[in-house]
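> According to Swiss-Prot, the record shows the following:
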{"type": "REGION", "residues": "1-31", "note": "region 'Disordered'"}
{"type": "COMPBIAS", "residues": "17-28", "note": "compositional bias 'Low complexity'"}
{"type": "SITE", "residues": "ARG100", "note": "site 'Transition state stabilizer'"}
{"type": "ACT_SITE", "residues": "HIS104", "note": "active site, proton acceptor"}
{"type": "BINDING", "residues": "HIS267", "note": "heme b binding site"}
{"type": "REGION", "residues": "352-371", "note": "region 'Disordered'"}
Amino acid sequence: MENNTNPISGQGKCPFSGGAAKQSAGAGTRNSNWWPNQLKLNILRQYSSLSNPMGEEFNYAAAFKSLDLITLKKDISDLMTNSQDWWPADYGHYGPFFIRMAWHSAGTYRVADGRGGAGFGMQRFAPLNSWPDNVNLDKARLLLWPIKQKYGKKISWADLMILAGNCALESMGFKTFGFAGGREDVWEPAEDIYWGSEGKWLDDQRYSGDRELENPLAAVQMGLIYVNPEGPNGNPDPLASARDIRETFARMAMNDEETVALVAGGHTFGKTHGAADPNQYVSAEPAAASIEEQGLGWKNTFGSGSGEHTISSGLEGAWTTTPAKWSHNYLENLFGFEWELTKSPAGAHQWKPKNGAGAGTVPDAHNSSKSHAPTMLTADLALRADPIYEKISRRFLENPAEFEEAFARAWFKLTHRDMGPVARYLGSDVPKEVLIWQDPIPAVNHQLIDDNDITILKAKILDAGFSVSEMVSTAWASASTFRGSDKRGGANGARICLAPQKDWKVNNPIQLSKVLDALKEIQVTFNNAQSIGKQVSIADLIVLTGCVGIEKAAKNIKVPFTPGRTDALQEQTDVASFAVLEPEADGFRNYMKTQYTVSAEEMLIDKAQLLTLTAPELTVLIGGLRVLDVNFNQSKNGLFTNRSGELTNDFFVNLLDFGTTWKASSESQDIFEGRNRKTGELKWTGTRVDLIFGSNSELRALAEVYGCTDSQEKFVKDFVKAWDKVMNLDRFDLV
C-alpha cells in the first residue's frame, strides 16, 4: 500500500512527549512544497546501495548465467494454461495477458532521452503500477510470483516480465526472434523520468499548436503507454488516430513497417475487457488501494469481478477467431469486413462488422456456449485509413511469412531496445544476427597495446602540439554521449569520427577535424610499425588523448587508461538513430543549442543523470572542465581562473569569493557579470550553470569542499576518478 492514511479514528498519545501523534518522520511540509521550482538533485542519488537489498557484491550477470533457462521457460509455459480461480485465464490461456504485461513494460521507452522501457522492472512501482493503461497487470505479476520465488536472484523481475511475453508468444504457436537477459532490477521508483505535467489521469496538456507533442514524451495522454485506442481523446477518427500512432511509435524508435507489424501481431492475441462501467464498479489503483489489498488494485465488484466480468480498458471483444493461437486472422478480419461504430458495455467507442457479419466466429473467453463477432478499435482501423499503413498491412496480408518475420523482429526490438549493445546480452537465446539499432561495435580482433606502447603513444600525442583544451574537449565530446538510460553512446566505437556526430555544432567540427586527423596519422604510423598484430584504435587514442591533456594540466598525476575499444564503421551507424544523442545542452561545456523553457541548470542535472553521475562527481567535473578551458567555442564564461589549462580548484575559489558581486547581463538572465564588489571592475562572466554552484545550497556545500585551501589534492584526485568513470561508462566488457 502506498496510500498510507491511517484509518484509525482514535488518536494515541506520543510515548515521548505525551502529545497527540499525528505524523511520522518525513511527513509535514517539505522544501518542495515551499519552493516547487527548486533544483531537483534527488535524481542524482537514485538506486544507491541504501535501497538495494542485494549488496554490492551481488553480480546479476553471474547469477543469470547459473540459471537453467530451459527449465524456467517450461515452468512459464506450464503456467500459461494453468488457469487460477482467483483470476481465470481468457480462453484458458494466460499468453495474451503476459504479452500485454511485457509490451507495457517495454513500451514506455522513448528514444529522445532513452528513459522508460523494461530495463529496470519499473512496472512494479508507482506511477507505472497504477497507470490507467496498466489496469489489472498487477494480477499478471502476481501470477508470475511463484516462478520468481522459485528462481530468486537468478532472474530479475525486469527479465522475467519480458521472458514471460516471449514464452507466451511461443506457447501460442509463434516463433520469436530471440531473448536476451541482463536487465537488473532496481528497488525504488524512478524520479528522473518526465511523464508529463498533467495532474489528472488521461489529460493531454502535452500538446500545443497543431497537435505538437511535447518532448521527450511519446504517449498521447497521461497514464497511457501509446495512443488512446478509442482515438485521439476518445474521438473515434481512424485517420486522426493514425497520426497519433505514427508520432508515438516513431518516438519509441519504430518505423511504419515495425508499427504495423506490432499492432497487427499483438492484436492477433487476446481480447479487451469492458464488461461494465469502470466508474461504477472498479475501485482504486494499487498505489491508492487499502493496506489489506496487499499491493493489488482495481478491485471489481461487478459480478464475480473477474473472468467474463473483467473490466480493464472499458473496451470489450476479441480481434480474431483464435485469440489464444497465432494466425493471420487479424489482417483478414481488418480487410475482410466493413466496420461500423458501436459502443462496449462500458460505453467505450469501438467497431463491429456491418450488417451482423462475422457473428458467431469468435469464441467467448469463458463460456463455451457463447460466441461473438470480431471487434476492432479505432487504432486498428487506422491501419486501413492511413494510406501508408494500409499499403504495408495489405502487403503483410498477402505475404504471411513476411509479416511473421517483421513481427518477430519488431517484438524483439520493442523488448530489447533499451538494453544497449549486444555485449550486455545474456543467455542461450540471444540471436546471432547483429542489428543496426543495437549500435554494433566490432569485436577486438588484435593484440592490445601495453604500458610501453601507451608511453610511446602519449609522447606522440604531446608532440602533435595539441592544447590541453583540444585534448580534453575531444575526449569529453566522444565519451559524454553515453546515456545510462538506454546504454547508448559513449567513446567505444569512435563514432565521433562519423556522421552525424562529427558535424554536431557542440563538437566544434573544425577543431574536432583537426584533432582527429592528427590522431589518425599517429594511429596509422603506430599500427604500420607493428609486426605481431598489435593495433591501437582511434577510439582508444581519443580517450588516451584526454588522459594526456589532464596529466599535462595536473603535472603530478597518472590518469587511468584501459585499452580495448574498437572503431565502428559508418555503415554500422544509423545516422537518424544517432541524431537523437545530439545534446540540446551540455552544461559541462557551457553549451546551449538555443533558448529553452527549461533552465540551463535543470538541463545540466538531466545530463548528469544520464551520465550516471552523483552530485559530487558533477560538481568536481564542472570545476575541472572549466579551468581546462573545455567550453564550447572557447567561451570565457565560467573560466574563473588566470591559469587556464592547469587543473586547479580556482573555479570554486573564485566563485565563492564574496568580493565578487554578480548581476545578469542579458534580459533572459542566462549570462552574468561578476564585478569587484568595491571597484566595480569586471572580473568574470558566467552562465546559470556556473552560478548555480554558488546559489543552490546543496551544490554550494559541495563547491565549498573543493574551494578550501587544503582541497587542491583532493580536487585533482576526485576529478580524475570522475573523469575515468565517464570515459568507461560504455565499457561493458570491463564489468
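Indices start at 1 and increase along the chain as displayed.
Each Cβ is built from the backbone N, Cα and C atoms, and glycine gets one as well.
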> Among the recorded positions listed here, ARG100, HIS104, HIS267, which has the most company in the form of other Cβ atoms within 10 Å of its Cβ?
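Answer returned by the neighbour count: HIS267.
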> Cα distance, the residue listed as 'heme b binding site' to HIS104 (active site, proton acceptor), nearest Å?
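Counting only the Cα atoms, the answer is 14 Å.
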> Can you give me the Cα-Cα distance between ARG100 (site 'Transition state stabilizer') and the residue listed as 'heme b binding site' in Å, rounded to a whole number?
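The separation of the Cα atoms works out to 10 Å.
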> How does the region 'Disordered' (352-371) divide up by DSSP, counting helix, then strand, then coil residues?
3 helix, 5 strand, 12 coil
> Through the lens of DSSP with three states only, how would you label ARG100 (site 'Transition state stabilizer')?
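The residue in question, ARG100 (site 'Transition state stabilizer'), is helix (DSSP, three-state).
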